[in-house]
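Here the structure is laid out as C-alpha cells; the discussion comes afterwards.
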Amino acid sequence: MTYVESRVNVWEALAGRAPGEPGGPADPGLWGAVVDRLNPASARPVLRAGIEAVQLTSARGVPYIMLRSPDDGIRSGYLRLTPEEWQLALLMDGENTVARLVAEFARIAGRLAPDQVRRVVADLAGNRMLDELPMDAFRPLEEGRRKAPPERPGQMMRGRRTLVFPIDGLVTALYRAGGRFLFSTAAFVATGILAVLGLVLFIGTWVGGSQSLFLTANSYLAGAIVLVVLNAGVLVLHELSRALATKAAGREVSAAGLAFYFGIPSFFVDTTDAWMAGRRARMLVAVSGPAGALLLAGVVQLGGLAVPALGGLAFKLAFLLYLNAFFQLSPFLPLDGMYLLMDWLEVPSVRARGLAWVGGRLRGQSPRWSTLDREGRLVGVYGILAVVWLVLAAAVTYRVFADRISGLATGLWQAGLLGGLLLVLVVLGLGAPAVFFLLSRLARWWRRSGQQRAENDREADAPRRVAALLASDLGGLPEPALHGLAARARWVHPNTGRQMVLAGGAQSSVYVVVEGALQARKPGDPPGTIRHHVGAGGVVGLVNALTGRSTQLDWHTAGTTLLAIPSATIATVVGPLPGPPPQDRAEAEALFADTPALSGLAVDQRLALIASAHPVDLDAGSPVILPGPTHAIVVESGVIAMPDDVELRRGTLVGPVGDGSPGMVAQTRTPVRLWVLPDASDLPPLVGATHRPGSPMPVVAASGGLRPGAPGQDSYPPLAVPPGPPEGPENSSTDRRFEGRLWWLTVGLLVTALVFTGLSFRPGPAWAEMPTDNALLTVDRGRANAVVDGAITALEPGDRRYLANGTRVEVPNQATARLTLPGGAILVLCAGSQVDLTSLATESGREHTPKATLGLQAGRLLADTTSTSGAYQPLHLTVTRSGGEVVNTGVAWYAIDPGAVTVSTGQVTVAGAESTGTGGDLTCGDGIAVSPPTAPDAAPSEEPLPTDLPSLEPSLPPSVEPSSAPTTTDPAQTDDPTTQPTEGTTTTPPRTTRPTTTPPTTRPTTRPPTTPPTTTTPPPTTEPTTPPTTDPTDGSSVSASAPTGEASASSIESPSSSVGASTLV
C-alpha cells in the first residue's frame, strides 16, 4: 500500500486562475516548458479520448460544462468550462495551433480573448485532459509524493490524505443491499422525525443528569476509551453517509483512507465524482453526513429509552453524533456546512470573503452595507451567519464545560498526576479543532514575525523584490527601473477574501501578484461572476497609476502574496504610457471600448493592444490586407466589404486567422481609418520591452510556499467560474430569495444562540460526572476536612471534591459545607458537624433511586431530599445517630442533631416514629433561616431572627424556636394532631444546662409564660407520664430519653403562634 497526498495539479497552478492556489512551481524549469508548449505559433494541443462531459445548470440558470478526465480513481481531474470554451476544446485535435484557437474562439464567442484561450489549454493539461502532457515534468513531483509519512510528518497535521485504498465496490454493495432506501422520501421524513425525537430525549437526559458522559463502570479511563472508540465509529458513519449519497447521485466513490483534519485523525472517502451530478447532488452529499448523524442519534436515543441498560452507551454515542453534526454544519469552518451553503448560493470563496467583510467592518475598512450590491449582501450575510454560529458555539462550549467537563475535572484532579494527565488528554481531544486552530495561528504568527524581520532588512531583502518584479509583467523594464521600483516596494500578505481595491476609488498602490491571485468583478455583476483573474506575475492597478484614473473593478484576494508599489513611484519610474500620441490614443480607447470583440478585455489589456497598434488610412476601393496570421484590424470609420459582400463598419474586428497567409481579406467602400493589431493572439505587456516570462517567482509565503497545485481551502472546481464577462441575464429574484432565506437562517441561529446564552445562567447537574457511589462535597464558608483512612484533606472555600463510602467530613465552627447526592438532593452541614459516609448507592432503571446512609457524630445536618431531576426519585436517606435512626419517606426538608430532629416538610421516621412537617423554617442554630437548597429561591435570609440569648453551641438549636420555627412532637405519639386548641398547654420541661427563654416573635398575640430552670441537674432518663390536656394541631412535645450528659428540651408554643414543623426527640 502506498502513502500518497492529494493530487498534484501542476498545470492548474501554471494556468494562474484556480482560486486560492499559489503560483510558482517546485521546478523553475517548468515555467519555460509551459511557455514553450503554449507558444501560439507552435503549440498544438490534443484533447484526450474518453473525457466525460456533462452539461449542468447553475443556480441562476446559466449552463456550464463539467469535465472529468478518463483516469481512474483519485487520479481523475475535474474542470468547469463555459459552453464556448468546451467548443474550443473540441477543436484541439493536434492540427490547430494556439494562435488558430484564439481566432476560432473569437469566432465562437464573438470576442478576442487570447489569455482565456491559453488558460483553457493550461487547465485542460493540468487536469490530465490533453494527450501531450509532458510526463517527464511530473517526475520530480511524483517522486516527492511517494515519500512515507515519517519523512514528512508535518503534512499529516494539515489535512493531507494518507493510506488511500479503493472502496467503490464495497460502497456499491452497501447501497444495493439497502442503502438506497435511505434516500427515499419516506426516509427523509423519518429522519426528520427521529432527529427531533432524539434531540428532545437527549436534551432531557442531559438536563436531568441521569447519564454520565465521561464515566463507564464508574471509571474515567474506561469512559475515555469508550468515547475514542465511539468517535471513530462516528467518523466512519459520517463518511459512509457521504459515500452512499454519492452513489444515490449515480457517481463513483473512487477511494477512501485516513487523514488529519484540524489535528484529529479521521477517515475520509473521495466523493469528488459527485461534482459531475450537479448542484443538487453536491448539496445532498454535503448534508448527508450530518443528516446521518442526526438519524443515528435519534435511533440510539430511542434504543436507550427502550433498554435502560444501554442508556449510558446510547447517551455517549448520541453526544458524539450531535457534536459531529454541529461542527460539520458550521458555516464558520470549511466543512460540510460551508460547502452546503456555497453550493446553494454558488458564490465562490463566500466564506473567506464573508469573514473578511465582517472583520473589515469591525475595523471600519470594508464597504458599508448600504453600498453593497447583490453579491456583496450575500457575502455579508454569510459572514454575519458565521459569526453568529461562533457565538452559538461559544455558548454550547460553556454549557458542556459547566455541566460535564467541570465535573470531570473535579473527579480527575483529585486522582493525582495520572488523573490530571487524563483530564488534559480528554480536554485536548474535545477541543482539538480549537487547539489546532490556535497552534496553527501561533505558528503562523511566528513564521510571519520571522518573515517580517527579514523583510524589514531592506538591503538583504532587495534581491527577492527585484526577482519578483523581474518575473512579473514589469520584467521588461530596464534594470535601473526595476531596482528603483524594488526600493519603494513593500510586501503585503492579506488574508484570503480581503478586498484590496474598491471600485470608484483612487488606488494608492500598484500590486504585483507574487503568489496566489487577485480576482475582479464589476459592481452590479450577477453573483458568482469573475471578470478577471490575475495570477502570479500579474500586475493590478498599473493603468490607474499611469493615467490617474479611478478603477472600475473590485479586486479580492485568493491566497495572495503581493508587492505593493506606490502609484506615484510607478508614474515617476515608468513614465508616460507608450504608444501613439495622446489624441490618437484617446480615439483608440473610445474605439476599442465600442468594439464588442475587445470590450471584454481589461483596460490594461486594451491599452497594451493600443500601444502596439497603429492607425492606417485607406481610400475607397483599397484592399484591406492582414500582413500575418496573428494580425487583426479594427474599423474606426468608413465601410469595408468582405468577399461575400457583407459590409462592416465602426467597431468591427477582422482577424486573426491563426495560421497561413491571409493576404487581402476585404475592400473599402468608402474612405476608411483602421487600426492594425500586429499580434492579436498574444497580448503584449503594457510597459517595457517584450520579454519571455521564464524567470522563477521567489517563494515568499509565510508557510514557506505551498507546492504547485496544492488545493487551497477555497479551491472548489464546481464553482471555479471561468473568468470572463457575465453570462446570461441577471436573475435578481433568485438572489433576493437567497438573501431572504439566508437572513432567516441567521435569525434562527441567533435566537438559538441567545437561548443557549440564557441557559448559561442555569446551574447544571453537579452530579452528572460523579461516580454513582460518591457524593459531592462543596465548601461554602470556612474550611472543611475530608478524612479517608486517617488521611486528612483540607478544603478551602469554593473547593469541590467527590467523596466515596467510608469518608468522614469534619466541618469546624464558623464553617459550612454541602453534600450533593445523585439527583440533586443536598445535605447542608452546619458549623461544628461531623458526618460519616457509610453507604452511597444509586439503583438504576427507567428512574434512578439514590440511597445514602450517613452517621451523624456531632453538630447539625439539614437534609433536603428533593430531586431536581425528573430522572431521579427523591433521596432515600438514613442517618444514624446517638438519638436513634432517622429515615425519610419521599421529599422532605428537616434538620438532624445527635439528640433532636426538626421536620419542616415531608415525612420522617425517627426511631420508628413517623411525623409530617408543617412548613416552618430551619436554621443552623444561628437564628438565620435556611431555605431548602433545591428551592428556586434557596438563598438564605439576609435578616436573622432576633434571639434573647446567644446559643452556647452553634450546632444545637434553642429549646424554643421563634414563631417561624417548627414546634416539637412526642416521638411515641402515633396520631397526628387534628384540632387546634384555643389555649396553649405546656408540660414541665426537663431540666437542662441551657436557658429555655422564649425569644420574642412578631406574630403571636398571647404567649404562655415560661420559666427558665433554676438548677443544672441533668434531665431524667424516663419519659414523663403527664399527657397533654389538649390535642393541639401544632403538635405537643415530650422529652425523650437522651444519653447521660446530653441536653434535650421540648416545648409547645401558644396556639396564637404560627404553626411550626414537627420536631422529634
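FYI, residue positions are counted from 1 along the chain as it appears here.
Yeah, the Cβs are placed from backbone N, Cα and C, and that goes for glycine too.
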TrEMBL annotation (transmembrane segment) - matching range among 284-307, 332-355: 284-307
Contact between the transmembrane segment (413-439) and the transmembrane segment (219-237) (3 or more Cβ pairs under 8 Å, separation 6+): yes
Considering the transmembrane segment (219-237), which listed stretch of 284-307, 378-401, 742-761 counts the most C-beta pairs under 8 Å: 284-307
The compositional bias 'Pro residues' (719-728) - residue tally per DSSP class, helix then strand then coil: 1 helix, 0 strand, 9 coil
